[in-house]
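Working notes for the structure below.
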Amino acid sequence: MLRYLTAGESHGPQLTAIIEGIPAGLKISEETINVDLARRQGGYGRGGRMLIEKDQVQILSGVRWGETIGSPVTLCVVNRDWVNWQEKMSPHERHRDDKIRVTRSRPGHADLPGAMKYNHRDVRNILERSSARETAMRVAVGSVARAFLASFGVTVSGFVVELGGIKAERRGLSSDRLRELAAKSELATYDPEAEARMKAFIDSVKDAGDTAGGVVEVVVTGAPVGLGSHVQWDRKLDARLAMAVMSIQAIKGVEIGLGFETARRPGSQVHDEIYFDSSRIAHGEATGFFRKTNNAGGIEGGITNGEEIVIRAAMKPIPTLYKPLSSVDMLTKEPFEATVERSDVCAVPAAAVVAESVVAIEIASAFLEKFGGDSLAEIRRNYDGYLDYLRSF
């Protein structure tokens, strides 16, 4: 079982994550995690904070000489902007200053419902934790999960497939080629022509004091048949993936495979027909069963079927606008324009990295549940035995 917790506020001293369930013997490094953290901070349309924070992870426990040792792994990322917030975010009562309270809630954020739920008269106490800054730690945890999956030939990749209504075209490209193109893109997309139009759209909404949303896609290749289960609702892998992706700030919809389009088509155009070719095993495939289409997105009945897992998520435009929306002061009940916090114009490329990370965590967790052991070597023996079984099925 793989589980993790994150802690920390956006302008606090640091962000922290504790991961439990990573087996002994996995090679991980701060340098590798930092590459993924940099990917999260990049992208066209990001805000001024990215110029301040250059995230660098520190591994504080669970790793010795470059390998996990089986105990909980602790990761932290220091907030460089903390130096400017030491008194505003101090844990000490002597620094309390009611004059700096934030009382004007921003539409679209957790500000007002959070303040009402926790009985706060300062929405700073809500917005600091609800901020997408927290996703830095989920990317760090996801980097560890991706390293684990990579040791078994499983890759997890995130892309921007739509932004401001402009769609990227895949044009029959392989998953490897998609990753190559997206890695060169400022918008994490694989369609250079669409990228140019997406950038122009971001520029136009920025000039208007507005923000832009989009759609991200995560593709998992190499996952074996049999991850997840049909036997209980909370063990269905598609349900777990949907929850993980929906938990990302500003995500308002998730679909797997053909998703919502399945509701518009007859069943004959939706379900993936099953074929068998024994020669596939001789060519290195895990099983002779295969599909010619993948409308299911690699999951049927909550269980992986051996095809690529495909998840898409809709990200709303960031609700912090430089041309603020109307709101109401929490204390005086007077109408005001909402508070403007430093923010991005478009964070869809970052959402692709975060979605990739949370999907990797869920796939790694399901993998460990299926093939679990205390060390990487033990899990590999279990996995190899399962692959032998599949070939004979």
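Note that Cβ sites are derived from N, Cα and C of the backbone, with glycine treated the same way.
As recorded in Swiss-Prot, the features of this protein are as follows:
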type	residues	note
BINDING	Arg40, Arg46	NADP(+) binding site
BINDING	Arg129, Ser130, Ser131, Gln249, Ala250, Gly301, Lys316, Pro317, Ile318, Pro319, Thr320, Arg342	FMN binding site
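A distance of 16 Å separates the Cα atom of Arg40 (NADP(+) binding site) from that of Ile318 (FMN binding site). When the binding-site residues Ala250, Ile318 are scored by other C-beta atoms within 10 Å, Ile318 scores highest. The Cβ of Ser131 (FMN binding site) has Glu9, Ser10, Gln249 as same-chain neighbours under 8 Å, each 6 or more residues away in sequence. Across the structure, Lys316 (FMN binding site) and Arg46 (NADP(+) binding site) place their CA atoms 15 angstrom apart. Counted within 10 Å of its Cβ, the other Cβ atoms near Arg46 (NADP(+) binding site) come to 19, all protein chains included.
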